[in-house]
Amino acid sequence: MAKVYYNGDVNEQVLEGKTVAIVGYGSQGHAHAQNLRESGVDVIIGLRPGKSWDKATEDGFSVYSVREASAKADIIMILSPDEHQPAIYKESIEPELTAGKALVFAHGFNIHFNQIVPPEHVDVFLAAPKGPGHLVRRTYTEGAGVPALIAVYQDATGQAKDIALAYAKQIGAARAGVLETTFKEETETDLFGEQAVLCGGTSALVKAGFETLVEAGYQPEIAYFECLHELKLIVDLMYEGGLEYMRYSISDTAQWGDFQAGPRIVTDETKAAMKEILSDIQKGKFAKGWILENKLNRPEYNAINEAEKNHPLEVVGRELREMMPFVKASKSKGVVANAKN
């Protein structure tokens with residue numbers, strides 16, 4: 001079982017006299033920066049010129065170029081998207097990594113897959129809230145917090161874990177609980193969850209269900225409601241109380257159908273495919289493919305993305321959502337991983 005730390009387990013004094021630079025001011029960046037500041041930490045922001053720079057300035061932060069912020073800071077938290085981090089690091093952060101500084105991540109991808117290789121004289125650790133930035137911020141203001149993961153990759157000062165815990169506490173996470181992990185575990189399980197269950201698995205299941213009903217002659221609007229729209233109702237129940245609470249809350253007919261049909265959908269072959277997906281992640285095959293795809297300017301990614309936008313499920317969904325003004329689509333990118341970024 002994971003080791004869990006709470007407020008009373010943390011020595012926040014290790015942050016005294018230190019300046020934290022938050023690189024990025026998106027979903028996670030604004031939450032980390034504001035929570036740290038309100039916890040008494042000296043925070044600056046590192047950005048490129050643009051809307052985020054203006055927003056951070058409006059919020060009362062001192063904003064600098066990434067390189068200047070990295071030079072001024074003792075602790076540098078990188079909250080830009082995974083695919084942008086290596087270039088930002090190489091150009092603007094690495095030259096300013098003097099001995100004793102700390103490099104921090106909210107997702108382990110670039111460290112675990114060697115896209116960023118820090119010098120030996122700096123601490124490297126993970127501080128990853130398990131929720132989107134707006135929730136990290138809101139729960140903090142309410143006196144609560146979102147659980148977070150910490151992991152130490154490199155301990156040059158002998159204080160990396162203490163600093164990681166203090167950072168997590170000052171963004172509110174130790175109010176809920178901070179779980180200790182490793183960069184390997186966080187990275188591989190995060191990618192697997194996204195691919196096999198949360199994004200890849202769920203998207204494929206929803207599309208297959210929709211297509212099955214439409215091909216059998218049912219109206220696409222009805223198929224959309226049954227296979228996509230109502231998914232939120234079930235996921236919310238799982239979120240609140242696990243599978244047991246979901247099953248308690250649905251009808252007995254639905255629960256019996258769950259027991260009878262579920263194993264016919266997710267079969268031994270499905271689990272074998274999941275193991276292959278996990279193996280590809282563990283061996284670095286997925287990472288290599290994604291890195292290459294980005295270097296080539298994402299030809300396959302963009303082609304698939306455009307095709308998916310025109311799937312009949314999406315076409316009918318856009319029409320039906322016009323009937324439901326209470327359904328609002330957030331335009332924030334990276335809500336799941338980079339809940340996380």
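Each Cβ is built from the backbone N, Cα and C atoms, and glycine gets one as well.
Residues Tyr25, Gly26, Ser27, Gln28, Arg48, Ser52, Asp82, Glu83, His84, Gln85 are given by Swiss-Prot as NADP(+) binders; from Gly131, Gly133, Gly143, that same site also lists Gly133. When the domain 'KARI C-terminal knotted' (182-327) is classified with DSSP, helix, strand and coil residues number 122 helix, 0 strand, 24 coil.
Cβ neighbour density within 10 Å is lowest for Arg48 among the recorded positions Arg48, His107. The binding-site residues under consideration are Tyr25, Ser27, Asp82, His84, Glu230. Their Cβ neighbour counts within 10 Å are lowest for Glu230.
When the binding-site residues Tyr25, Arg48, Asp82, His84, Gly133 are compared by Cα distance to Glu194 (Mg(2+) 1 binding site), the shortest distance belongs to Asp82.
Across Tyr25, Gly26, Ser27, Gln28, Arg48, Ser52, Asp82, Glu83, His84, Gln85, Gly133, which the record gives as binding NADP(+), the greatest C-alpha separation is 20 Å. Taking the Cα atom of each, Asp82 (NADP(+) binding site) and Asp190 (Mg(2+) 2 binding site) are about 13 angstrom apart.
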